[in-house]
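Student: Supplied in structure tokens, the structure appears directly below.
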């Protein structure tokens, strides 16, 4: 009866985690990235529609963004910061009410926002921004708007010192509506209404804007489709399908390789070992059978190994849940705040899985200090992540970038880790300790380990890791380009179904190459396969992420 209750503990914990994640799914679907003041997005003629200025930054480095009013734009004195959700802050959004008034269906022609005198320092600040192709981003009724703040005149000039820099001072908003809803908005800069910023001198500038309204038949439910169509264009779909075909070919070739090599080798081994069982004692064993008494010898640093297994299981579970949310349409374009929120919350809720997996496996390896193992599991991923965050956040604060998290957001994350992640990790660890699962090896482990014979250089850890990471990377590198172009660029990635197929192919390729390399290691009479097996998985992860540094 006790064994039944103990085995039911992890299952109950998994069901509760699933229920909580489903609740998050429902809440995220009903929470858009930037919520307007009018929750139903319906307006009457002349109603005020919320317009928020978000950030500015160089076009060729989308990860480098600053607050909109870090540049000396018009300030009316009525600007208010918008209260943002956790995911929006993590995404680097810093929304503040814009100085433009775009009332519903109310056109305006060359409306003056403000007149101001730019000092030499402000002219130099704008000129540096124009030189780096700064763009701005706003949100109007949840719809994103972009535009460049200025232009560089390079025509007929070869020397950069001869370039002329101009600041746009007239912006035209083209807004489409369907009955009482806003459907589409775009911003156009007037190339004939500019101010020269080339020289360091005080400049008088008058910022103006125009609003034009036009009716459209596009329904409100499809107004976000235009932002996701870029990744669904025919030539992009052809590339995605080519990626899948390339991955499938890799899987087939690898499967054929394993089926041919391994089965032939194993067949010869079985035939050799079964030829004369009576004379088996007189023959010297070779290959993987020679080390059958050492294969299941526990690995070194088993506490660290168990913690790595637990953290990996948690991250794998997190990935599966993120795919579930993506496939049901939660992460629609420019709803990245939901992605960051889901990552933080689901990671916190799945910490019990890490605790259970790590502690139960540690107990199977005859570990005694399960509390220390549990602490190591909790810090193995969060520790390096926290150190990296401290460094990057310090750099972002030094440059006043929007990537710097406010103190209040840091406190919220720490509270989530303290009040949710840590208790669930402890509960999972207690359930794993009480599971009483024993490690049952199919053969008896010898008392003393055999000496590992010298191996050629290509069988050492580093070459084997390179080989283990190359094949999985080659199977998904095309899809990785689009992913990183979306994360660190201006592309939009919405084809999550294709990404999920590629993810499944990645798992298959990783499993196949790991089995093959582990067998060859055992055939070389190297019985220390536990950590080498883990390095193959780490190599795959690293190979998939190394595109980040290109």
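Yeah, the Cβs are placed from backbone N, Cα and C, and that goes for glycine too.
Unlike curated entries, TrEMBL annotations are predicted automatically.
Copied straight from TrEMBL:
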- 1-36: signal peptide (SIGNAL)
- 239-262: transmembrane segment (TRANSMEM)
- 307-332: transmembrane segment (TRANSMEM)
- 338-362: transmembrane segment (TRANSMEM)
- 374-399: transmembrane segment (TRANSMEM)
- 405-427: transmembrane segment (TRANSMEM)
- 465-484: transmembrane segment (TRANSMEM)
- 496-520: transmembrane segment (TRANSMEM)
Student: Mark yes when the transmembrane segment (307-332) and the transmembrane segment (374-399) have three or more Cβ pairs under 8 Å (sequence separation 6 or more) and no when they do not.
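Tutor: Answer yes, regions in contact.
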Student: Look at every Cβ pair spanning the transmembrane segment (239-262) and the transmembrane segment (338-362), keep those 6 or more apart in sequence, and say whether at least 3 of them are under 8 Å.
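Tutor: Output no: the transmembrane segment (239-262) is apart from the transmembrane segment (338-362).
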Student: Can you find at least 3 Cβ pairs under 8 Å between the transmembrane segment (307-332) and the transmembrane segment (465-484), where each pair is 6 or more residues apart in sequence?
Tutor: no
Student: The transmembrane segment (405-427) vs the transmembrane segment (465-484): three or more C-beta pairs under 8 Å (separation of 6 or more)?
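Tutor: Output no: the transmembrane segment (405-427) is apart from the transmembrane segment (465-484).
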